[in-house]
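The structure under discussion appears below in the form of structure tokens.
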Amino acid sequence: MQDISNHTPMIQQYLKIKSQYQDILLFYRMGDFYELFFDDAKKAAELLDITLTARGKSNGESIPMAGVPYHAAEAYIAKIVKKGLSIAICEQTGDPNTSKGPVERQVTRIITPATVSEEAFLDNNQDSILVSIFEKNNKYYLAYTSYTQGKIYLVKTLTSLNELKNTVLKLSPQEIITNSHELAQQNPFKKPIKALEEWYYSNFEAKKYINDSLDTNIANNILNLYKNDQLTTIGSILSYLTNILKDTPRHITDISYEQEQDTLNIDINSRINLELDNNSKSSLLSIIGKCKTSLGSRLLKRYFSNPTRNLNILATRHSIINSLGENQHFLKIQDVLSYISDIERIISRVALGTVKPKDLVALRDSLEQLPILKKLLSEKNTPEITNINNRIHQLDELVTLLDKAIIENPPTTIRDGGVIKEGFDKELDELKSIKDNSYDFLIKFEELQKQKTGISTLKVGYNRVHGYYIELSKQHADKIPTEYVRRQTLKASERYITEELKNFEDKVLSSKEKALAREKLIYDTLLKKVIEYYKQIQETAASIAEIDVLANFAERAIKLKLSQPKFNNLAKLELKEVRHLAIEHNIDEPFIPNDTLLSKDTNTLQIITGPNMGGKSTYMRQVAQLIFLAYIGSFVPASYADICDIDTIYTRIGASDDISSGRSTFMVEMTETAYILNNASAKSLVIMDEIGRGTSTFDGLALAKACAEKFAQIGAFTLFATHYFELTELAKQYPNVCNIHFEAKEYKDNIYFMHKAVTGAAKKSYGIQVAKLAGISQDVLESAKQNLYNLEKKQQLTESTQVQAQFQLEPTTQNPLQQKLDAIDINTITPLEALNILFELKKR
């Protein structure tokens, strides 16, 4: 640490504390403000748009300073946290009246993007995720926690940076910690990331924190179940949280392992291409996600992150959706759910010490809805719904306690009291009555003093600096009784106090202090009582979230005309009248549905041709979205859906230059294609849209053909849209390849898209007609038509030569054997003639 002896004592104290928190902003409490100094002040002034000033000089230089009022700090902190930065809160812990030198101060809390619990800092509909990455021997061990959910999840060991990136971005964390300084420096995730000191990833320390933080039985189970490197990753989260909280994270009550074999995998590019869960109004989540609670919205996002292939889980969800859909029973349930607050986060705030009085009122009001909800669920007496209902705990005792203890509209904090309801505590009521009755005493006392002095303008008042006083104008100085003691002199008046008024003041102020202390004690005791229900409330919250999502699915099924999918083990995907929900939602005319059939026995690869705007991309996307919906347990936009086991969805749709990495559009396209080719299997669904456009015609055709052939050989279910009509010939070479196209009709120089998938290859691309629709001027269109005519004429003359130049490695001169073969008409010769020709050629 640098020499700080030339600084003032207060700045010396600040610098000592700041040296322990160099990478985060230090909010340093001074009276009614949190102050920031030096570089922190400059950064905060820019981030928060607050004034940058200077506080005198220290070590001969002006000290940059910026500050925010402590009572408004929450709003400023929220801005900083949402920008991905962290803050250390440094409070005055010493008594200013007894301190010699600067008041003692300590950092009481660290606030980071993923470790906040206050409502102002959080997105109600999104989990606050902290990811830990332990890199060792070119492997990545990953664990994450949804902070306010109170759980840690362990992910399978990852063996490549690309796999790690996809896993992390799927989680969309607010914060990442790691042992790898190189990974933190590269930051391929573009998320807040920090490399921690080595001890955070010590296996010895990890086991210690697991034992200290978790229930004994859970800790023992974890230590026996997982390997050392996995334990190290789990322990890193617990040690980090302990350091952040300055306390043991007791709210973490569960550790679980995510089984990848039960998950439908979708890489981050495919998620973006399919518009699954981005923030746009056209995303699938925005159309499907109409949950009534924050609990349900967050759970639905988890479903979107981890679609399950577990058929038992899917069958359970479908059964509940059907039950809730009967007579639209979900409407009654959703009405009750709309009154339930975020009890999961409220109980976490209780455990973390950040709960506010209004949270307790919201908790009480939410728990009051549970008997109604349980009754509605019991009306659907199915095993699946009963199972959920049994995990919703009716906490009548807690409701009664909170109802008796907390006033209806409490203040924001307990700091100034006024939270506990009258009648809850006798001692508190007595202390408050002294203050409440003070007004009557002061009225009587003032009237008595007026009579005693004969001064009708005499006033009795109070201010926070001088306390209670008797105020008289200076013109009445000759009438002042001898027992009046001067307290304050003003320009036109004097203020006095008497022994009686001083005794009353001491009694009132003492009662206020005692009442506030008593109220805080009652409040703390109340929170300890509430936390006894932690596990029951967490389990109740999880069950409410589940029923909210499924009631939402039931409502969406009816509103959007969705049907229940079936699952088969026949390697067959049969879909009828499939629709694209976002497009259907955003157009005025009726959406034209399409059928899709993919089967190992008939076709696994569809070559899709047709004009731009004809419907090719929509067709492919809607199939992928349907599969995705089926695997989150929703009903699907089709009249019929029979789905086989799909373990991964890959897409190669659209592209743009990756300028920051120096990669062209074509390079991006090829990189993504290579990833798909290297990982696709017979259980994959692959969407390929117009591959090979970013290079020369024949290079593009060659690559597109080779990729299509590879997918045919793999047997992956592949929808392959292309403008290379030559690829339609693959259907003659591979029995598992078929052609479909999207029709268009021409009428009086206009084009009309049918948006209907038809068997066979397209015969025309209609590019010029599409250009006309786009608004290209008539003179350009006429020129294009002439150019097209010339090009087609030229191609007819040179096509065979060009194709040979592109694909043929041998000399173009045919040998006699080749000439003989070319002369044979295989459509007219008999089998016997063919054998004779073969025998003759063999003799040569």
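Quick reminder: no glycine exception, Cβ is built from N, Cα and C everywhere.
Database features, via Swiss-Prot:
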type: BINDING; residues: G610, P611, N612, M613, G614, G615, K616, S617; note: ATP binding site
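Shown here: features listed in Swiss-Prot, placed on the structure.
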{"residue": "G610", "record": "ATP binding site", "Cβ within 10 Å": "29"}
{"residue": "P611", "record": "ATP binding site", "Cβ within 10 Å": "21"}
{"residue": "N612", "record": "ATP binding site", "Cβ within 10 Å": "19"}
{"residue": "M613", "record": "ATP binding site", "Cβ within 10 Å": "18"}
{"residue": "G614", "record": "ATP binding site", "Cβ within 10 Å": "26"}
{"residue": "G615", "record": "ATP binding site", "Cβ within 10 Å": "23"}
{"residue": "K616", "record": "ATP binding site", "Cβ within 10 Å": "26"}
{"residue": "S617", "record": "ATP binding site", "Cβ within 10 Å": "20"}
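Cβ atoms within 8 Å of the centroid of the Cβ atoms of G610, P611, N612, M613, G614, G615, K616, S617 (the ATP site) belong to the same-chain residues F742, F753, site residues excluded.
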